[in-house]
Amino acid sequence: MIENRPWLTFASHATLLLGIGLVALPVWMALVASTHPASAFGVGHIPLWFGDAGAETWGTVLFEEAGNGVDTPVWFMMLNSLIMALGITFGKIVISLLSAYAIVFFRFPCRNLCFWIIFMTLMLPVEVRIVPTYEVVANLDLLNSYTGLTLPLIASATATFLFRQCFLSIPGELVEAARIDGAGPWRFFFDILLPLSRTNIAALFVILFIYGWNQYLWPLLITTDDAYYTLVMSIKRMLSVTDGDIAWNQIMATTLLAMLPPVAVVIGMQKLFVKGLVDSEK
Amino acid sequence: MTVTFPQKGLPWLLLLPQLLVTAIFFLWPAEQALEQAFYQEDAFGLSREFIGLENFIDLFTDPLYYQSMLTTLVFSFSVAIVGMSLALFLAVMADRVIRGKLAYQTLLIWPYAVAPVLAGVLWWILFDPSMGPIALWLKSAGVDWNHYLDGNQAMILVVIASTWKQISYNFLFFLAGLQAVPRSLIEAAAIDGASPFKRFWTIVFPLLSPTTFFLLVVNLVYAFFETFGVIDATTKGGPGQSTTTLVYKVFDDGFVGLDLGGSAAQSVVLMAIVGLMTVIQFRFIERKVQYS
């Protein structure tokens, strides 16, 4: 505190509260909307206070069917989303750990070339090369499968860079000591490297989980079978019902359920989340 | 120089999974896009013929493509500037307060975790012309809000939804930047009688310029590539072409319009743009090292 200006402090708190209110506004409205019966939306405006159909809507959406043309219940799509998100997260972390380990702790021909090939994936987000990637996955017969949902998304330059950075900061004496004590590369990897990069892995896990859960275009294109619908992309299918027939209460409840897991992760693991965000932009 | 292990074969084994995935799902499709950009394919994918640069010539003589470029620029800079200004304002306030800083941070950063398409749906319902509370309120204030018909209003809607999601990110980085400004500088200025307002503009804001520039690049990349869901959920690129960004156009021409050659040519152009942006980002990172 540099000087005491009570009115300015008050104004700061007021602005922050206003900001929080504005940020929360759409979610509040969605919550209110999900507690009204579908018929309440035809009369010209969204009700502004909670109704009494909340339990029924949420129950139907979660356990029976999401509605609006999607017959699968939300819990089932949540499971698919979870499988995809965890598959992408673990896949990215494992292959990035291994390749960063190879690049930092070994010398071999074409080491730089490999590094640049991995680096190039940074330049090619999936949205940019969407048509040819779809064709490749179709050729490999991976449409409508968990492999097709996860595998094309698990190459990650960012994670490789992050681990490379982290490994480079490990003192060479540690490697020397381990070698003198007779530890081979695998032993070194599991007993020294992994424990040392524990927090980095955890921070990256948070960021990648959000990334995986929120995938939209990719699952939308490659799944046509209900059994593989993920929650985030199913919103699109729910919205493609003709305008007058949309049951907004169910859409709002599904939307809230779809954002709940990643938001809970951010709030519950705030420290790791912030660390992951800052690290992965270095 | 790090001490290394002597094995020769092992590093290849370690790199194998990453290289395989990269080759199959990145390099192969990129090569396909490059190849397809020089062919014309009929809509059923039965035959194709080599047409050289014609897809690119078509692309660069198409007024719709230039319009889409302009739309992308307007959209990206709006998202970056609106989002960064609001976030900086909130971060300055949060940096001032002593009580409840962490609580404020928590309550401001969660939209980062919301998928773009969900952000689009949430704002759409608020602005829906026939039942959205904000649209109805605007109507009573004399603004005829209908983003299904008015291209500018559709643009405003996608900018709001995209910005909402990105404020959290900007806020975190600005707050970290503000906390790194040396207290002694601000104290010295305060002793000399500079008001909080003047201190901000003459000391704090210039010191934040590396953060600001970094965030500008990140925000532009975000608006370019990660807002597909927002646009697809709210406006589908319309009305007309008023919210068709370059990335949305690649998808729209390829999967809806089935113009595979044209879409591939667009992919190639976009890859070049991403490459350029990556280089800029990396050059900037070198500069950031000098600052600190």
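Each residue, glycine too, has its Cβ placed from N, Cα and C.
Over in TrEMBL, the protein carries these features:
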DOMAIN    B:69-281  domain 'ABC transmembrane type-1'
TRANSMEM  B:12-30  transmembrane segment
TRANSMEM  B:73-94  transmembrane segment
TRANSMEM  B:106-127  transmembrane segment
TRANSMEM  B:154-178  transmembrane segment
TRANSMEM  B:199-225  transmembrane segment
TRANSMEM  B:264-285  transmembrane segment
Using a Cβ cut-off under 8 Å, which residues of the same chain at least 6 positions beyond either end of the transmembrane segment (B:73-94) come close to it?
101, 104-105, 108, 155, 158-159, 162-163, 166-171, 174-175, 177-178, 200, 204, 208, 212, 215-216, 219-220, 222-224, 227, 243, 245
The transmembrane segment (B:199-225): which same-chain residues, six or more beyond its ends, come within Cβ distance under 8 Å?
72, 75-77, 79-80, 83-84, 88, 92, 162, 166, 169-170, 173-174, 176-178, 181, 185-186, 189-190, 245-247, 273-274, 277, 280-281, 284, 287-288, 291
Long-range neighbours of the transmembrane segment (B:154-178), counting only residues six or more past its ends (CB under 8 A):
71, 74-75, 78-79, 82-84, 86-88, 90-92, 94-95, 105, 108-112, 114, 116, 119-120, 122-124, 127, 147-148, 204, 207-208, 210-211, 214-215, 218-219, 222-223, 227, 230-231, 234-235, 238-239, 242-243
